[in-house]
Each structure stands twice: as C-alpha cells, then as structure tokens.
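Report on the following structure.
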Amino acid sequence: MSPKTETKASVGFQAGVKDYRLTYYTPEYQTKDTDILAAFRVTPQPGVPPEEAGAAVAAESSTGTWTTVWTDGLTSLDRYKGRCYDLEPVPGEDNQYIAYVAYPLDLFEEGSVTNMFTSIVGNVFGFKALRALRLEDLRIPTSYIKTFQGPPHGIQVERDKLNKYGRPLLGCTIKPKLGLSAKNYGRAVYECLRGGLDFTKDDENVNSQPFMRWRDRFVFCAEAIYKAQAETGEIKGHYLNATAGTCEEMIKRAVFARELGVPIVMHDYLTGGFTANTTLAHYCRDNGLLLHIHRAMHAVIDRQKNHGMHFRVLAKALRMSGGDHIHAGTVVGKLEGEREITLGFVDLLRDDFIEKDRSRGIYFTQDWVSMPGVMPVASGGIHVWHMPALTDIFGDDAVLQFGGGTLGHPWGNAPGAVANRVALEACVQARNEGRDLAREGNEVIREAAKWSPELAAACEVWKEIKFEFESVDTL
C-alpha cells in the first residue's frame, strides 16, 4: 500500500460494524417537549444485552443502519437520531424490558400518521436481534398534534347535529352481514330505526359486492332513514361504508352519501389505510358528514402481548388521522377488552388531557390541546342484560351497538330496537336517580320489563348468554 493510500485511510471515517448502544443508548438524555416518545416492550434474543436491544430499536426506527456509512458525516446525527433513554425490566418476565425511545420531531412529516408509523413501527419489527417487539404507547407532542385536523367534528358537534343529549347513543349492525339484497337491507335498517335506535351500521365487510352494489344500498338506506325520521321525530343515521379499493372510489361514495343528505359515512381505517382515512376525514369535515370508524384487522396487530402494537396506539393514531366514532371493545361482550385497559384508551379517545397511569396501561401523559374527541363504540356480543354495565362503564359519550342483540329478538327488528331503547332509558334514569348500576342493574332491567313486553321477551331470550373467557389484553 502506498503512503498516500495509507494517509487517506487514516483520516477517513471508521468503516465497519459497531454496537448500537455506543451511539443510540443515552440514559443521560433529557427528553424535550417536542420529542415523540415511545414505550416498546422488547424481548432480546439470548445473549443480546438489553441496552443493545433498546439502542437497536432507536437506531433502526430512526437514522441507523447495520454498519457505519460515510454519509453520516454529512448530517448531524445528534440532531436527528432516536435515543433509547431508559430501560426497565418487565415484572414477572425473565428477559423482557420496556425501552423508552425519544424521536426528534424533525424526523416526521407534518400531518402524516402514515409517515410516523413507517418509521416507528417499520422494518425494526423484523430485526433479528429481537425475539419480539411491541409498541405499548406513544406520547405525541402538542407541536405535532397541531399539524393534524383530527376528527371531522367530535363528540359535542355530533350531539348538536343529532340533537341527542344526556345518554349514550344506540346502534345496530345489520345482519346477516353479507347476502341481503339492497331493498331487504334497507327494510332491516328502517325497522331498527323506527323502533328507537339512533344508528344502524353496514358491517365492515359490506362494500360493493355482486349481491348488493354500494349505490343501491345507499339509496335504500337513505329512504329508510327519512321514513324513520318522519315517524319518530328523531334524527336518524346509517353508517354507509365508503371503504373501497381506491381513494378515488371511496371519495365518490362519500360524495353520493352527501348528495343523499345522510348524516354519517363509515371507513375501515386499518384495511383502508391511514392515507385513505385522513383523506376521507378531511372530506367529511369540509362537507358536514360524521365519520364512523371500524377497526377490522386490529387484532392481527394488537392481540399478541409480546409483539405488534397495542390498540391504545392505534386509537391515538385514529384520533390524529380523523374519525368521530371508533370501535373500542365492550369489556362485557364477545370481543377482547379488559376493563381498566379498555377505559385507559377510551379516555385517550375522548378526553383532552390524560395523566400517565401505568395501572391502565398509559405510559405517558398526553395533552390533545383541544383536538376534538372520538366517541368509543361498544359492539360485539352484547344484549339487554349488559345495558347496566355498559352504561356504568362507558358513561354518556359512547355508542352502544347491538347487532344480534337487536335483530335476534324473537318478535323482529323493531321490537328488538324497542327493547334496547327501553333498557337504556331505564338505566340512565336509574343512574340519574343515584342508583348503583353495577349492583342494582339486573333489578333495573326487571322493573322496566314489567311495562315493556318487548324488553321482557328479550330478557327471556338472552338470560343465559355469557362469554366467559379470560382476556389476553392484560398488563
């Protein structure tokens, strides 16, 4: 090797592979108000130190790669790199840690959940040095929140639009979810709405199939809404699912819904994607439509305790991307949801300021700086006997959605809707009178059933129905 070549090698950058923790593990770092903070549940491979695992997460989800590159010298890594600033062992687990990572705000495009997730939950989840990785929570700084529109309208504006106050809203998913013709589908909608429900809903997998094209469904559902409104004197709605194969087709369906004059449309935000969801949310804000969000596919992402992403993160992302309702579990029905954890992310959806509370899975204090709230939807295996618990757990600002619990009534859809409305009104009145629904709920329902034959029939049908499985969504 010539002396000239040796000189260049000695003054050049130090090529090769070095431990991530030398650059990305910084326990002395003081987080900034503008940082996005993440709490990851990290399970390192055997022999990988926790500091190296946490640093690898910070590196691979920000500026790092597997080897040193000369272009590191063309930027300021100290300004742009993610930092693992704290590690704590998970109680009861041998080799599992909560790694806290801080990301500088400049790493993310303004107003883009898509870009935020591409970095934070991107390729790092396939990293070989980690046996498993789960994103438990995010702290979104106020400076980043202010770059998002958020929900098209929010809870208070929705109540004003519907002129409904002081109680939860009632909904129903039309069943069978697939196979009905548009006219029969519209008939089912009408029967439910005239019986006393506020909303009916397209199932998440109803889009535009051969047995029922979307335009036909929209027209017959609009007819059902107007007829039910005329008969009851109440504002009614049906969640018309605008989810489609392209953003252009999705917006076309939303435009047609607006032209029909209906109050609300629907989107499957995970299968449709965050870019499509934000696009639709902006359209709904500009055109006065409420937006109902279904979370189909969420359990693929959030149900495994050690890998993936907790639903509280998906809930925060939805509030940023935009939606007025989102399904959030029931605690008491057939779908997943442990009480304190569910109420933790329900608060993250509805409230403006949420304190850190590890007992409910909330790792960071979150300030939404007046971004409108999202109404949680309780849906899945619920019926009239659950009404006291649901009213007690969720309070007024929620949608209680009974699909089979309405349509399965032995006398038909309208009596099923009557039963649910009577049960709800009885529970709200009892609560307002100071009665303890958790203790006296069954008695409240029995008393109401004495003067409502529809409720009495529903109570008889579902008196033995329970879904007693242990939740896997635990701390």
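Just so it is clear, glycine is given a Cβ too, placed from its N, Cα and C backbone atoms.
The N-acetylproline feature in Swiss-Prot is assigned to P3.
Counting only residues at least six positions away in the same chain, the Cβ atoms of D268, Y269, L270, F311, L314, L318, I326, H327 sit under 8 Å from the Cβ of R295 (substrate binding site). Per Swiss-Prot, substrate binding site is recorded for N123, T173, K177, R295, H327, S379.
The annotation active site, proton acceptor is assigned in Swiss-Prot to K175 (among others) on the grounds of sequence analysis. Non-local neighbourhood of K175 (active site, proton acceptor): D203, G403, G404, L407, each in the same chain, at least six residues away, with C-beta under 8 Å from its C-beta. The DSSP secondary structure for K175 (active site, proton acceptor) is coil.
Following the DSSP three-state reduction, the secondary structure of K201 (N6-carboxylysine) is strand. Residues or ranges marked as N6-carboxylysine in Swiss-Prot: K201.
When Cβ atoms from all protein chains are considered, those within 10 Å of E204 (Mg(2+) binding site) total 22, not counting its own. Here Swiss-Prot flags K201, D203, E204 as Mg(2+) binding site, drawing on sequence analysis.
Summarising the annotation, Swiss-Prot assigns active site, proton acceptor to H294 (among others) and lists sequence analysis as the type of evidence. Its Cβ placed at the centre, H294 (active site, proton acceptor) has 28 other Cβ atoms within 10 Å.
Residues or ranges marked as site 'Transition state stabilizer' in Swiss-Prot (evidence: sequence analysis): K334.
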K177 (substrate binding site): tally of other CB atoms within 10 A of its CB: 13
Long-range Cβ environment of N123 (substrate binding site), under 8 Å and at least 6 residues apart: E60
All-chain count of other Cβ atoms within 10 Å of S379 (substrate binding site): 24
Among K201, H327, the one of these recorded positions whose Cβ has the fewest neighbouring Cβ atoms within 10 Å: H327
Neighbourhood of T173 (substrate binding site), C-beta criterion under 8 angstroms, separation at least six: T200, K201, D202, D203, S379, Q401, G403
Cβ packing number for D203 (Mg(2+) binding site), 10 Å threshold: 18
Coarse DSSP state, helix versus strand versus coil, of R295 (substrate binding site): coil
